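> According to Swiss-Prot, the record shows the following:
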- Cys27-Cys55: disulfide bond (DISULFID)
- Cys47-Cys95: disulfide bond (DISULFID)
- Cys56-Cys99: disulfide bond (DISULFID)
- Cys79-Cys172: disulfide bond (DISULFID)
- Cys86-Cys143: disulfide bond (DISULFID)
- Cys132-Cys206: disulfide bond (DISULFID)
- Cys136-Cys186: disulfide bond (DISULFID)
- Cys149-Cys166: disulfide bond (DISULFID)
- Ser228: GPI-anchor amidated serine (LIPID)
- 62-81: region 'Important for interaction with IZUMO1' (REGION)
- 1-19: signal peptide (SIGNAL)
Amino acid sequence: MACWWPLLLELWTVMPTWAGDELLNICMNAKHHKRVPSPEDKLYEECIPWKDNACCTLTTSWEAHLDVSPLYNFSLFHCGLLMPGCRKHFIQAICFYECSPNLGPWIQPVGSLGWEVAPSGQGERVVNVPLCQEDCEEWWEDCRMSYTCKSNWRGGWDWSQGKNRCPKGAQCLPFSHYFPTPADLCEKTWSNSFKASPERRNSGRCLQKWFEPAQGNPNVAVARLFASSAPSWELSYTIMVCSLFLPFLS
């Protein structure tokens, strides 16, 4: 029996590393994502930061920039044109969602979150991705004078004409009415896909929805940090059971 204990101790040591690696450099199972990330030399505009390693294709990056995106037949202009800076933030957020291979620690099956049918062929989504404080603040500041009619854009639209329209009785009002704070905008727009982090950029503890390509992807290290704190409970349980039965094998 004694010869087994060093092996078990070694497994306990490497287990968090194994679990963490499973959450790194992956694409979610969703309608437009590639199966695995890979270089995409010709990504479009706001999606360019992910060209070295992307979960999106050139086509997806192009469609993310259209006023009525074919990705989900969703129009950002349901209450008229957005201010240019506001529109840019939303396109960056779409590129981040579609292209980033660094969202593994926050990926969850859609069915586990209360939806009986996965929307738009989507099997997975992200939940509570911690966006840096500046990302939420700048997004809110640049959008607060644009107009919308809902705080949760993930559902509840009128799709009778093939694209999203404001539901009956919903008023088009400034973003600041539906999103009183930067955290409200980050967290409510897509039903808690993002979370407003109190951490700032370069802290190593929050993700940036956009970054300068020449400076490298700061989200790689952040994803590794969060992945290392999310061990695989399935593997942990297996090792625990084995350790309990070892005395009977002597």
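Cβ atoms are placed via backbone N, Cα and C, with glycine included.
The shown structure was predicted, so the numbers you read here are calculated from the model rather than taken from an experiment.
Surface or core, plus neighbours and distances: that's what I need for these features.
Under DSSP, Cys27 (disulfide bond) is assigned to coil, being neither helix nor strand in the three-state scheme.
Residues near Cys47 (disulfide bond) in space but far in sequence (CB under 8 A, at least 6 apart, same chain), listed by position: Ala54, Cys56, Thr60, Ser61, Ala64, Cys95, Glu98, Cys99.
With a 10 A radius on its CB, Cys99 (disulfide bond) counts 30 other CB atoms from all the protein chains.
Under DSSP, Cys172 (disulfide bond) is assigned to coil, being neither helix nor strand in the three-state scheme.
For Cys143 (disulfide bond), applying a Cβ distance below 8 Å and a minimum sequence separation of six or more within one chain yields Leu82, Met83, Gly85, Cys86, His89, Phe175, Phe179, Leu185.
Proximity of Cys132 (disulfide bond) to non-local residues of its own chain (separation of 6 or more, Cβ distance below 8 Å) is seen for Ser197, Glu199, Arg200, Arg201, Ser203, Cys206, Leu207, Gln208, given in sequence order.
Under DSSP, Cys186 (disulfide bond) is assigned to a helix (H, G or I) in the three-state scheme. Sequence-distant neighbours of Cys186 (disulfide bond) (same chain, six or more apart, CB under 8 Å from its CB) are Leu131, Asp135, Cys136, Trp139, Trp140, Phe194, Lys195, Ala196, listed in sequence order.
Here Cys149 (disulfide bond) comes close to His78, Cys79, Cys166, Pro167, Ala170, Gln171, Cys172, Leu173, Tyr178: these same-chain residues lie at least six apart in sequence, with C-beta atoms under 8 angstroms from its C-beta.
In the three-state DSSP classification, Ser228 (GPI-anchor amidated serine) falls within a helix.
Here the region 'Important for interaction with IZUMO1' (62-81) has a mean pLDDT of 90 out of 100.
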> Take the C-alpha atoms of Ser228 (GPI-anchor amidated serine) and Cys55 (disulfide bond) and report the distance between them in angstrom, rounded.
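Cα-Cα, rounded: 22 Å.
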> Could you put numbers on the helix, strand and coil content of the region 'Important for interaction with IZUMO1' (62-81), residue by residue per DSSP?
2 helix, 6 strand, 12 coil
> Could you check what DSSP calls Cys136 (disulfide bond) once collapsed to helix, strand or coil?
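Note: Cys136 (disulfide bond) is helical by DSSP.
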> Since the record lists Cys27, Cys172 as disulfide-bonded residues, which of them has the fewest other Cβ atoms within 10 Å of its Cβ?
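Result for the disulfide-bonded residues Cys27, Cys172: minimum number of other Cβ atoms within 10 Å at Cys172.
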